[in-house]
Amino acid sequence: MSPVRPELALYCLPPLPSPLSLVVRRYKIDTGALQQLTEPDQPLPAQLDRAVLKRQIEFAAGRWCALRALRQRGYGGPASIPIGRDRAPCWPMGYVGSISHSKGLAVAIAGERQHFMGVGIDIERPVAMDTLRLIAHQIATQAELAIGLQKGLAYETWATLVFSAKESLFKALYPTVGHYFDFLEASVSLLDTRSGHIYLKLLQTLSSHHIVGHAYRVDYAIGNEYLVTRCVIDRLI
């Protein structure tokens, strides 16, 4: 049997709401790849002129996915998606989106702002145990880490999954919150391994729309090489 393509973890997530588009692309770190990923009307921003090739390609691959996700939603404007405040992408007026990349794989999700307050997506490879020993306390409490272990997930997988889930939540909330917040300001309240959902609860009020006690669902999937999380926040009516 041929090995499962690692990007298929992205498609093991619960189905996307129909007004959202997801685009995935593999990439390699070489000069030819950079040429393939950039277009005449989508040059690298000046901020990346002196960046190493790896960073330039990661950026270009993410923007390549983002532009095509936007096009699928009917966007017909300029190809450039600038770097904004706090290095977050500046999405076109009327759209929300999120970009992630990890060691050869890039992904972007996009939708119309009339439907969503924010969306977040993140892909990761499981973090090595030696690294987790140094950073786990910055990601989650011992009580949070115990939740996944009790469900039978390996420590490296679960700790990385919690990091990724909180990263997706941050990306989804940032457009309305407008500032950074600590990973420990959101806590895992529930893990549903049957449906592939993690629920995160805010421990601090971040804005008038996102107050202490609010819970957010983050979808997840675990593949052979990568794991992926996705957070979609519907627009309040």
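Heads up, the Cβ atoms here are built off N, Cα and C, so glycines get one too.
If you check TrEMBL, you get these features:
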- 46-110: domain '4'-phosphopantetheinyl transferase N-terminal' (DOMAIN)
- Arg55, Arg63, Ser100, His101, Asp122, Glu167, Lys171: CoA binding site (BINDING)
- 118-218: domain '4'-phosphopantetheinyl transferase' (DOMAIN)
- Asp122, Ile123, Glu124: Mg(2+) binding site (BINDING)
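Spanning the residues Arg55, Arg63, Ser100, His101, Asp122, Glu167, Lys171 that the record associates with binding CoA, the maximal Cα-Cα distance equals 20 Å. Take the binding-site residues Arg63, Ser100, Asp122, Glu124, Glu167: by the count of other Cβ atoms within 10 Å of each Cβ, the lowest one is Glu124.
Under 8 Å, Cβ to Cβ, and six or more positions away along its own chain, Arg55 (CoA binding site) finds Leu48. When DSSP labels each residue, the domain '4'-phosphopantetheinyl transferase' (118-218) comes out as 46 helix, 24 strand, 31 coil, counted as helix, strand and coil in that order. Of all Cβ atoms in the shown protein chains, 20 besides its own fall within 10 Å of the Cβ of His101 (CoA binding site). In this structure, the CA atom of Glu167 (CoA binding site) is 10 Å away from the CA atom of Ile123 (Mg(2+) binding site). Put simply, Ile123 (Mg(2+) binding site) is 15 Å from Arg63 (CoA binding site) when counted between their Cα atoms.
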